[in-house]
C-alpha cells in the first residue's frame with residue numbers, strides 16, 4: 001500500500017509540474033497605445049565630438065556659492081546640417097536628462113580649472129538645460145588630461161568656425177547695405193533736375 005501511495009503522489013506531482021510548464025499566461029493590455037517616435041532634434045545634426053565627462057555648475061544663488069554636480073554622461077558637439085550652428089549637448093547617464101544645452105559662440109573661452117589639467121571652465125549666456133535660457137558658469141572634468149585636451153581642441157575648432165561664419169554673414173550684410181545706399185542715391189539723382197534746366201525751359205517758352 002505504501003508503495004502504491006508513493007507512486008500515486010509521484011504521478012500527481014509530475015502532472016502538476018507538467019501543467020505548470022505548459023501554463024503560459026498572457027496579459028493583454030487594457031488600452032493599446034500606438035508607438036510614438038520621439039525626436040531629440042539630434043536627427044538634424046552631425047556629431048563632431050563625443051566623450052564621457054562630469055559636468056558642474058556654479059550655484060551663485062546660494063548663500064554660500066559653490067560648485068554643484070550636474071551629472072555624468074557623454075558630452076557632444078553637434079552641428080546643424082542646414083543652419084551650420086554648433087551646440088554643446090550633454091545628457092545624464094541612464095535618465096538621459098539634459099544637463100547642458102547651449103550654442104557655441106565666438107566669445108566663449110575655455111579656461112583651465114585651478115589645480116587640474118583635466119578640467120575646463122567657461123561661461124554661457126543662454127543654457128537651455130532647464131528649457132528656459134539661463135546664464136551659467138559651467139565646469140567639465142574628464143578622465144585624464146589627454147581627453148581634456150581633445151575636447152578643448154575640438155571646442156576651439158568649432159568656436160573659430162562659428163566666428164568665421166558670422167564674419168562672412170556680417171560681410172554680406174555690409175555689401176547689401178552698400179548696394180541699397182547706391183541704388184537710393186541713384187534714384188534721387190535721376191529724380192532731380194539740373195539747376196540750369198529750369199531757366200532754359202522758361203526762356204524757350206518766352
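Glycine too: its Cβ is placed from the backbone N, Cα and C atoms.
According to Swiss-Prot, the region 'Disordered' annotation covers 1-33 (among others).
Under the heading compositional bias 'Basic and acidic residues', Swiss-Prot lists 1-26 (among others).
Per Swiss-Prot, N-acetylalanine is recorded for 2, and the stated evidence type is similarity to another entry.
What Swiss-Prot records for 13 is phosphothreonine.
Look at Swiss-Prot and you will find 21 (among others) tagged as phosphoserine, backed by similarity to another entry.
The DSSP breakdown of the domain 'RanBD1' (26-164), given as helix, strand and coil counts, is 23 helix, 61 strand, 55 coil. Taken from Swiss-Prot, the feature domain 'RanBD1' covers 26-164, and the record attributes it to sequence analysis.
Swiss-Prot lists 60 (among others) with the feature phosphoserine.
Long-range Cβ neighbours of residue 150 (N6-succinyllysine) (same chain, at least 6 residues apart, Cβ-Cβ under 8 Å): 49, 51. Annotation source Swiss-Prot lists N6-succinyllysine at 150.
The N6-acetyllysine annotation in Swiss-Prot covers 150 (among others), and the record cites similarity to another entry as its basis.
For 162-206 (among others), the entry in Swiss-Prot reads region 'Disordered'.
Annotation comment: Swiss-Prot describes 162-184 (among others) as compositional bias 'Basic and acidic residues'.
Per Swiss-Prot, N6-acetyllysine is recorded for 182 (among others), and the stated evidence type is similarity to another entry.
Taken from Swiss-Prot, the feature phosphoserine covers 187 (among others), and the record attributes it to similarity to another entry.
Over all protein chains present, the Cβ of residue 60 (phosphoserine) has 10 other Cβ atoms lying within 10 Å.
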